[in-house]
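Note sheet for the following structure.
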Amino acid sequence: MSLWATLNRNVFKRTSTFAVAVAGGTFFFERTFELISVSLFENINKGKLWKDIKDKYE
Amino acid sequence: MAAAVGRICGARLLKNYGIVAPQVCQLSTSAKGWTKNRKLWLSTLGVVGGGVGALLFALEQSVQASGTEAHPYHQPWSHDGWFKSFDHASVRRGYEVYKQVCKACHSLQYIAYRNLVDVTHTEEQAKAEAAEVMVKDGPDEEGNYFERPGKLSDYFPSPYPNENAARAANNGAYPPDLSLIVSGRKGGEDYIFALLTGYVEAPAGVVLREGQNYNPYFPGGAISMAQVLFDEAAEYTDGTPATASQMAKDVATFLRWCSEPELDDRRLMTIKAIGMFSMLAAVVYYYKRHKWSSLKSRKLAYKPVSKK
């Protein structure tokens, strides 16, 4: 039985488990998406952001 | 407007055909399309609309070439670009220029000291900056107004108590509040930079009144603000040589931050939106293919009706 079929049978078929899967999936997706976006942003702007330069002024 | 559209297209636009009907309509000769009249109407509307748009655009472009003021050069700002944040070291230097030079005449009333925290200053430094100024507060228990050192929550104090006092001190010209000046002027920070570094001798024939100076970037040319940025006019705490153009660049960046403090967040949001929408686009593409697969791969067979 493929992974997809297992998932389908055990999780997606019942509304209660499906809802839990949606909530959990959202949480992990949001965290990784945020992490990736922010690290992209900070990489592009390395040396210009306050967090990169604040040590210079203390 | 809605009535006009309704007259041209009839109820056709608003009618719900269900999901497959528009697709089926293309494949069958029995469904009627738009009549000739309707097509004519719509194309006239399109041509006229497009023509008016093009005319407005052309007029707007040609207006830029008339007029006497010089147009500012576009400078390579480090925050120009879809993903580029502010150069915070520059914003901090710009704050120093504002504090040492511009503050004598210009207010910055929508910026508070707390706004500097984690943008250009640490919390302690911002508190120290605030403590340097005296702000009016009150009334106290006896009903008197009093002066106290500033706190993080205070807004930048204005150099003049009101507009009339500002005018009286500046030959009748009002030094505008700088909080939103970059958004409020055509050309934005390019204009500020050009204005601050663009002072020249008035050309022959231009008459300046008392207290006026000539600046080709200022509409009309005669500006009541004298040149304020000369080399070493301000002092930088980070050791950057304080040339006039360096200060103009930094103060323009700072004023852009004042006008758009959310710029960094918007740049980050651009990255997120591109990521999110490309994922959604992939889903939509797949879904479209999925829905059309049956339509595109089907075969229609027409069976002649038997005469019998």
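Positions of Cβ are set from backbone N, Cα and C atoms, glycine also.
Curation plays no part in TrEMBL annotations; they are all automatic predictions.
Since this is a predicted model, take the numbers as computed values, not measurements.
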Quiz prompt | Given TrEMBL lists B:C102, B:C105, B:H106 for heme c, the same-site residue among B:M134, B:M225 | solution = B:M225
Quiz prompt | Segment-level pLDDT (mean, integer) for the domain 'Cytochrome c' (B:89-241) | solution = 94
Quiz item: Among the binding-site residues listed here, B:C102, B:C105, which has the most company in the form of other Cβ atoms within 10 Å of its Cβ?
Solution: B:C102
Exercise. Ten-angstrom check, please: count other Cβ atoms within 10 Å of the Cβ of B:M225 (heme c binding site), all chains counted.
Key: 21
Quiz item: When C-beta separations to chain A are restricted to under 8 angstroms, which of the binding-site residues B:C105, B:H106, B:M225 qualify?
Solution: none
Quiz prompt | Count of other CB atoms lying within 10 Å of the CB belonging to B:H106 (heme c binding site) | solution = 23
Exercise. Find the longest CA to CA distance in the recorded heme c-binding set B:C102, B:C105, B:H106, B:M225; express it in Å as a whole number.
Key: 11
Quiz item: Helix, strand or coil: which one is B:C102 (heme c binding site) in, per DSSP?
Solution: helix
